[in-house]
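Database features, via TrEMBL:
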- 32-115: domain 'Coenzyme Q-binding protein COQ10 START' (DOMAIN)
- 137-254: domain 'Coenzyme Q-binding protein COQ10 START' (DOMAIN)
Amino acid sequence: MLRGFLPISRRYFIFSTIANKRKVYEKKKLVGYTDEQMFSVVSDVENYQNFLPWCKKSHVYGKRENFLKGDLIIGFPPLSEKYTSNVTMTKPNYIKAECVDGKLFSYFLTIWRFSRVSYPFPGANKRKVYEKKKLVGYTDEQMFSVVSDVENYQNFLPWCKKSHVYGKRENFLKGDLIIGFPPLSEKYTSNAECVDGKLFSYFLTIWRFSRGLKDISQSCVIDIHVAFEFKSAIYSQFSHIFFDQVVRQMEDAFIREAQCRYGRPAIQSHVLGHRSS
């Protein structure tokens with residue numbers, strides 16, 4: 001049985017308190033338990049006090065088929081709230097809990113939906129694309145020097161286990177790399193593009209560097225494009241676990257290496273644009 005979880009998608013909205021005080025958080029997640037098992041845990045309101053860190057007390061009454069009413073005390077220091085929750089359920093797929101008499105909350109609604117999935121996900125695209133534009137406190141020449149130093153990737157990229165360069169000539173090099181995204185590991189030859197990977201059918205990384213702020217000579221804008229596709233549909237689902245995290249670690253590692261080589265950045269880095277799919 002699969003343990004742990006595989007993040008699928010997330011939305012988190014924080015609206016201006018002037019425009020709208022309501023906060024909304026939504027997430028879809030694949031977990032290693034059945035819908036019945038997760039339904040059983042989430043519907044066990046009586047025991048919330050025993051495993052939810054912010055729930056100080058949970059007492060259920062008025063329980064009947066597909067419905068229960070409970071008194072709860074929740075604490076988000078320095079705030080504490082006592083309220084009644086009406087919980088409506090459709091086993092094993094749906095749970096809705098609504099606060100009806102809160103002192104702090106004018107509106108507090110929680111909805112859980114549980115469904116079964118199959119591999120690969122219907123309509124899933126195995127190719128993952130990550131793009132980011134960022135202003136950094138180093139020149140384009142300095143960042144180019146770091147990113148082009150493939151021979152030393154093994155010394156500063158956390159997921160690169162080995163990097164060996166050969167076939168080097170002006171404006172081109174070829175290298176053998178071993179990269180590890182636990183629990184997966186891949187050995188391949190790179191022309192900045194994977195050409196013989198066993199796990200990847202497609203793996204491309206593009207960096208573009210341009211001058212930064214006019215009044216700060218030690219600055220530049222970097223455009224990062226990373227795209228890959230697993231040969232296995234199953235492995236493509238694992239990529240949801242690490243894809244964004246690995247690329248963020250990669251860009252952070254290059255900037256840390258620039259700091260090791262050239263000292264403190266002239267300005268703090270700023271993200272100018274980001275897309276992940």
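Glycine residues also receive a Cβ, built from the backbone N, Cα and C atoms like all the rest.
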Tally of DSSP helical, extended and coil residues in the domain 'Coenzyme Q-binding protein COQ10 START' (32-115): 15 helix, 43 strand, 26 coil
PLDDT averaged over every residue in the domain 'Coenzyme Q-binding protein COQ10 START' (137-254): 79
